[in-house]
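Residues or ranges marked as domain 'EngA-type G 1' by Swiss-Prot: 3-167. If you look up Swiss-Prot, you'll see 9-16, 56-60, 119-122 marked as GTP 1 binding site. Summarising the annotation, Swiss-Prot assigns domain 'EngA-type G 2' to 188-363. Sequence annotations record features per position, and here Swiss-Prot assigns GTP 2 binding site to 194-201, 241-245, 306-309. What Swiss-Prot lists as domain 'KH-like' is 364-448.
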């Protein structure tokens with residue numbers, strides 16, 4: 001069982017910077033604006049030979065009951081309950097504030113080991129602030145600079161002192177490599193994206209059965225891409241809830257630009273992407289832009305039309321959604337569409353089934369024999385057009401990879417094959433081998449002519 005630390009403290013003391021430093025990558029947004037982190041996020045931390053789970057939390061701050069700030073504090077309290085020990089972080093340059101003192105009491109009442117971290121300890125002011133912290137009664141402060149990586153050896157000593165001795169692994173249990181069965185047990189990486197306030201976090205909370213992610217009628221509540229582990233009927237998923245993606249012209253605030261970049265990274269890391277639309281405003285321009293991005297990144301796509309409980313006269317609406325999707329998104333024709341209600345918990349089973357089906361399609365490999373039978377029939381049924389009086393010759397096709405399914409067609413003149421004919425081949429292949437909603441790549445390549453050098457020498 002992994003040892004878990006929760007990083008706590010008031011807003012803007014450098015908790016997310018420390019989190020990023022310990023996990024070794026920028027998983028949490030960092031900005032000078034207080035309150036950047038809203039949800040709690042988890043990562044696998046490492047410091048020297050120490051390995052542990054680490055939870056980054058929203059800054060502990062006061063807030064009216066039911067407000068976004070109060071719910072941020074509730075997330076922090078939950079993180080403290082889950083943790084084995086706490087890292088209480090304060091800003092040594094700013095010195096102790098009344099909030100630091102109040103929440104130091106809060107940390108003490110948790111009755112868990114506490115590592116007092118004096119962040120931003122560079123310079124004389126930082127040293128003075130660190131000395132002040134003895135008044136908190138939480139032991140010796142560890143003076144660090146999370147931004148510059150200073151003081152990490154001292155932090156290592158403090159963490160090592162409260163962590164249990166690592167268990168010695170049995171040498172007989174070495175893993176030589178993943179089998180097909182092992183691969184099938186890997187968590188499917190899923191990103192849930194969409195415009196702001198489409199209901200992404202509400203839906204994931206319904207899936208988890210807990211208020212794991214902050215939700216609010218205010219658009220843009222989620223700022224980071226938050227990853228959660230889900231076991232649904234024996235299948236593991238790693239689901240990323242992302243910040244809403246707006247049109248570039250509307251992304252004005254620096255912090256929102258960071259959030260959008262974080263969401264795009266989640267899409268690139270995912271295997272299946274769920275594009276969540278609001279049932280009251282579906283297939284708007286930004287939805288289509290997001291779908292196009294997902295296709296260009298080569299990810300499997302599932303469309304979830306959320307807040308379906310708000311739709312009046314639902315009969316026939318799904319058929320209309322299918323027609324709209326195939327019209328506006330021909331590049332992923334047949335994309336799975338699921339009507340959901342995160343608020344009521346409707347459509348969860350159907351969406352999970354659609355994700356698993358999309359993942360299977362994304363991993364499709366077609367046998368060479370079946371592929372070439374299709375190819376011969378497709379070319380015979382609709383031959384490529386002639387160019388300058390000479391018919392193009394398409395020789396054969398081969399699959400180069402899955403994830404997404406990608407193929408190479410060898411032909412006489414690759415640059416002369418029109419885009420319309422390439423689309424014909426993609427749609428035909430998609431229909432015959434049942435590849436709905438996943439990007440299908442076909443690349444044209446000219447077959448080497450073994451007699452070309454002889455002709456060249458002759459002339």
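Just so you know, glycine gets a Cβ as well, placed from its N, Cα and C.
You'll find the Cα of residue 194 (GTP 2 binding site) roughly 24 Å from the Cα of residue 57 (GTP 1 binding site). Note: the domain 'KH-like' (364-448) comprises 31 helix, 24 strand, 30 coil (DSSP; helix = H, G, I, strand = E, B). Counting only the Cα atoms, the space from residue 15 (GTP 1 binding site) to residue 197 (GTP 2 binding site) is about 27 angstrom. Cα spacing between residue 57 (GTP 1 binding site) and residue 197 (GTP 2 binding site): 22 Å, rounded to the nearest whole number. Secondary structure at residue 121 (GTP 1 binding site), as computed by DSSP, is coil.
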